[in-house]
């Protein structure tokens, strides 16, 4: 079995689960108790990164290690786009997965990390099929929608998953000849065989999770019904008044996403949820609510 197949197999093990952002071992324990399939260890959740206006880098490895020691579920950590040395450090730390994340300040505005150079599986964000396939070609073992992290507004995540699905369907219908496939692969900057495999299967060849703006059980179920295979929850849980109850509810909603009776049950009496900010209030050039993080990446 190829090393890439091993890495994609590890990512497949998370399918149907919820991955939660945590900033302390105590939060990681809450996430594990609530049924999270993995946690993302970071020093600040995306909502706080967005407000800070500062350069956001890889978290302190000591903090990540403390979280790794606190739980038995897999632990992920983020690196800046293109910062392969941060990735080398996290691989040496033996994190379970690395997220090359647009939420952090990019280290390289031209290149993403060549992920085939690492044994640890990588997660990457994408807002359309071209981005997803470019990241997979670089070695990403899991794709997630970019959404708009730190907002509590799920609309961008919805837009990204529906766009990827629509592009796959459109290309399946419209690409007929070898020259059609070659032209589209050139346009997307990906190998023809990768494009053909994706269209033949009718979906990405790696697991595709939802991320960015998920704040309620209904948000999680919506994205699962739209075709996502699991959910990342960032700022939403620990910006709420009852994090453990909300975390349990989102896990239940992700599992029972097509059961309205169960969704009604888990959506009730959750306390105050994350207030959030709407996508429309974010100035793409920056401002009090920060930049459009989903536009970062190429």
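Glycine too: its Cβ is placed from the backbone N, Cα and C atoms.
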Which of 82, 130, 139, 150 shares the D-ribose 5-phosphate site with 21, 213, 234, 235 in Swiss-Prot? The record says 150
Need one number for the D-ribose 5-phosphate-binding residues 21, 150, 213, 234, 235: the maximum pairwise CA distance in Å, whole number please.
12
